[in-house]
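Here the structure comes first, spelled out in structure tokens, and everything after it is commentary.
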Amino acid sequence: MVAQVIHGSEIDLKLDSVIPPNITTDDANFFTHTAFRVLIGADPPTAFKFMKVSEAEFPALNGQGVSYAVLQFPSGSLNPSHRHPHSAELLFLLIGSLKVGFVDANDVLHTQTLQAGDLFIFPVGVVHYQYNYGWDLAFAISAFGSANVRTIPTPGLSKRLPSLARLMHQMLRR
């Protein structure tokens, strides 16, 4: 008879945070990131724009397994197809509407139309995109399950998606 024991638990961090050697104090300023303040009251961008905060921009994320991005989509703009090989992406749409999609491991395209207040999950490693087909600005935030999320463009799919997305946009505006 063979017995197999499997244990599962959350990660047991021995430290609250990992302080880089060049930081001499870990007061509340170390745990605060202020770069997104430039978005408050700013004019909307004329093309798709994103700002990310990962461990590189915010050292307090080291060891925490999270990062964040703010995405701004003027009317008709596209975040071209890409993937994140080591993290899921949880997108929360604050303003506007987006068409989003991803291709799963079985090569099936999953698309959805999001409205303000919707959440959408892009599973780990899938090729995905977001497109603002509406008349107004769309504004979203994305959370990632990695402090060092990598974004890998997928140009083969991107070459087809922008033209399809722009064609859809023109048709929707008629």
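Just so you know, glycine gets a Cβ as well, placed from its N, Cα and C.
Going by TrEMBL, these are the annotated features:
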DOMAIN    40-174  domain 'Cupin type-1'
BINDING   Asn79, His84, Glu89  oxalate binding site
BINDING   His82, His84, Glu89, His128  Mn(2+) binding site
Cα separation, Glu89 (oxalate binding site) to His82 (Mn(2+) binding site) (Å, whole number): 12
Residue with minimal Cβ packing [other Cβ atoms within 10 Å] among the binding-site residues His82, His84: His82
Remaining residues near the recorded oxalate site, that is with C-beta within 8 Å of the centroid of the site residues Asn79, His84, Glu89: Ala69, His82, Arg83, Leu91, Phe122, His128, Gln130, Ser142, Phe144, Thr151
His84 (oxalate binding site) versus His128 (Mn(2+) binding site) - Cα distance in angstrom: 9
CB within-chain contacts under 8 A for Glu89 (oxalate binding site), separation at least 6: Ile121, Phe122, His128, Ser142, Ala143, Phe144, Val149
Three-state composition of the domain 'Cupin type-1' (40-174), taking helix and strand from DSSP: 22 helix, 57 strand, 56 coil
Local confidence of the prediction over the domain 'Cupin type-1' (40-174), expressed as mean pLDDT: 87
His128 (Mn(2+) binding site): tally of other CB atoms within 10 A of its CB: 22
Beyond the site residues His82, His84, Glu89, His128: chain residues whose C-beta lies within 8 Å of the centroid, for Mn(2+): Arg83, Phe102, Phe122, Val126, Val127, Thr151
Intrachain C-beta neighbours of Asn79 (oxalate binding site), sequence separation six or more, cut-off 8 angstroms: Phe48, Phe50, Leu71, Phe73, Tyr129, Gln130, Tyr131
